[in-house]
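K.L.:
Okay, handing you the structure first.
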């Protein structure tokens, strides 16, 4: 294993994980092609070492951090999370990572920091899918600061005890288990804290289909997919989708008083 | 077709032999998909791959069927018409498995969800309509039914293949999230095949020395 002596997180779910094979060959990562098998085939061109992340906006310690510097102060742990794609399939994935909250605290958010925006690498040389404007590159995602600070929100650097394969968003990605998969942005090169709500790529591309919040919600259908049920990869019969992907107890309070049909 | 039979001579008709090759060839994609499913070689989401695979081939066979008439005009080989029914029925065959795959493997007879899909999700509505339109064409594909309906009425009925093909392409287009390249290729091919039927174009093609 690349990370010896990993501790199991108390936030891990007790469900059988989806196979390594499926987790690493069935991916949505349009930077490497729009087919599910494309990322596994094409992502070898991504160079993850050296890697650095620019931190900017409403923080006390902005700057460019190397991947190693970013990681060093944090204790990694294993977290087995459910992952629900907006397309109606799901997996259970043993991530390796650390809480995003710890990183943000270290960077020192100012009082004006209301949102956290993440950006994926933009380099068509390394990411052949970016040679076509399928999406408005670079890929951008964002969270409200309280979502970002929530203990479930993870910065992942590995899965199954190994370093992240490129197709899964190496070397550094976000994992927000109660939101649809597209919020969990991959291969992050920039973190920006902002006062105003940032745009996110899918929301910009099709606002009536993908909202800013993108909380897993069986009661709100996508125009193309009912979200009431999902197919767990490896299973035949669909299962019911749970509100907030089964994490309602931990996160529902973040959205108290919000109309989740409007803020989908 | 009958006129041709009258003109045939002692030379043996090659078409049955060609058909005997086309038929198994047209089955190959299905055999591949089923074999790959049974051996676990269809990836992480075999149900999706199986359903999409049959949908792709339904669309391809529809376009092949629609290519027959323009090809006859271009080649001036009337014999090609005798492959049209077989190709059309293969389109129906793949579309049927595509639909059954959705009903059985994807939804597992969850009729509530299926009805909701048909009503609320345009790509399902449109795809279902395309499948429905193909049914009368398959039923009336036999020579007996052709005779019973009478040539003119039969021809008029079988013009349903045009909206069916258009809806099938639209179904694909509406299903895609962002990368519309593939459905647009099908749309482009269909547009060409339909344009070649416009009387002035058809006439120009036929007249070509």
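Residue numbers in this text run from 1 along the chain shown.
Even glycines carry a Cβ here, placed using N, Cα and C.
Please treat TrEMBL annotations as automatic predictions, because they have not gone through curation.
Pasting the relevant annotations from TrEMBL:
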DOMAIN    B:55-169  domain 'Ferric oxidoreductase'
TRANSMEM  B:20-37  transmembrane segment
TRANSMEM  B:57-74  transmembrane segment
TRANSMEM  B:86-110  transmembrane segment
TRANSMEM  B:122-139  transmembrane segment
TRANSMEM  B:160-178  transmembrane segment
TRANSMEM  B:184-205  transmembrane segment
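What does the local environment look like for each feature on the list?
P.N.:
Over the domain 'Ferric oxidoreductase' (B:55-169) the predicted model carries a mean pLDDT of 96.
Long-range contacts of the transmembrane segment (B:57-74) within the same chain, counting only residues at least 6 positions beyond its ends with a Cβ under 8 Å from a Cβ of the stretch, are 26, 29-30, 80-81, 83-84, 87-88, 90-95, 98, 161-162, 164-165, 168-169, 172, 186, 189-190, 193-194, 196-197, 202, 205-206, 208.
Sequence-distant contacts of the transmembrane segment (B:86-110), counting only residues of its own chain at least 6 positions beyond either end whose CB sits under 8 Å from a CB of the stretch, comprise 19, 22-23, 26, 29-30, 47-48, 50-51, 54-55, 57-58, 61-62, 64-65, 68, 117, 127-128, 130-131, 134-135, 137-138, 141, 161, 168.
Residues 55, 88-89, 91-92, 95-96, 98-99, 145, 157-158, 160-161, 163-165, 167-168, 170-171, 174-175 of the same chain, all 6+ positions outside the transmembrane segment (B:122-139), place their C-beta atoms under 8 angstroms from a C-beta of that stretch.
Within its own chain, the transmembrane segment (B:184-205) has Cβ neighbours under 8 Å at 59, 63, 66-67, 69-70, 73-74, 162, 165-166, 169, 172-173, counting only residues six or more beyond its boundaries.
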K.L.:
Within the same chain, where does the transmembrane segment (B:20-37) have neighbours whose Cβ lies under 8 angstroms from its own Cβ atoms, ignoring anything closer than 6 residues to its ends? I mean 6 or more beyond.
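P.N.:
That would be 46, 49-50, 53-54, 57, 61, 83, 86-87, 90, 93-94, 97.
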K.L.:
When the domain 'Ferric oxidoreductase' (B:55-169) is classified with DSSP, how many of its residues are helical, how many are strand and how many are coil?
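P.N.:
Breakdown, helix to coil: 102 helix, 0 strand, 13 coil.
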